[in-house]
Amino acid sequence: MSSGLYSMEKKEFDKVLDLERVKPYGDTMNDGKVQLSFTLPLKNNERSAEAAKQIALKMGLEEPSVVMQQSLDEEFTFFVVYGNFVQSVNYNEIHVEAVNSEILSMEETDEYIKENIGRKIVVVGASTGTDAHTVGIDAIMNMKGYAGHYGLERYEMIDAYNLGSQVANEDFIKKAVELEADVLLVSQTVTQKNVHIQNMTHLIELLEAEGLRDRFVLLCGGPRINNEIAKELGYDAGFGPGRFADDVATFAVKTLNDRMNS
């Protein structure tokens, strides 16, 4: 039989969501339960487990508990820690600038281009700089797309050119001019030491130096990119995790149409 530890009848629990004091949800409302995972460069033993608990305490978690520890090799150990987060955030004070309020489907995007732009648009994309990863740019550009969302190559009214990975910014710009691109899409997967920020800034500087910045709708995407960061760097929009070709295409065609009519 259950001890009653989780019985709603034997214990007082918060049941109301307060948007001014939002906390993580574990088992019940406002309990602040969180799960944290990290690796320590230490052997797998009792001392390293205690080190993991103390790190969690210094992060502000109460009653931390190491629930899993596993050796990665002789000198490194992976930990999973549970704890209680006692702080909260005021959800009502959080304001985020969304890229798109309404996402068009592939068919709707094609129809929008026909009605408002009147010609095919050209999109050139690449993983620029030293980034050798193509998973991000392929998910947006390739015909098969990703997770049930077709890529830009399948769109009837979009000529999509995927230049692949490790494309120098200078070559990227040269190809964009050659293809008379309307939209440039930069994918950045590698983010160690903020190399993605440096590379994206370099592209902006090159475009501005050549007087080409306003010629293109300039977009970027990646696991550590959001719209706020993108706009701070000088891009028109940024797309992070959970975004698909639909999101990119919708913003691109609407922005292009606005510029043509301004």
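One-based numbering along the chain as shown.
Even glycines carry a Cβ here, placed using N, Cα and C.
Looking up Lys53, Lys144 in Swiss-Prot, the residue bearing an annotation of N6-(pyridoxal phosphate)lysine is Lys144. Taking Cβ-Cβ distances under 8 Å and a sequence gap of 6 or more within the same chain, the neighbours of Thr134 (adenosylcob(III)alamin binding site) are Ser127, Gly164, Ser165, Ser187. The recorded positions in question are Lys144, Arg243, and the one with the fewest Cβ neighbours inside 10 Å is Lys144. The two recorded residues Lys144 (N6-(pyridoxal phosphate)lysine) and Phe239 (adenosylcob(III)alamin binding site) have their Cα atoms spaced 19 Å from each other. According to DSSP, the secondary structure content of the domain 'B12-binding' (120-262) in residues is 64 helix, 29 strand, 50 coil.
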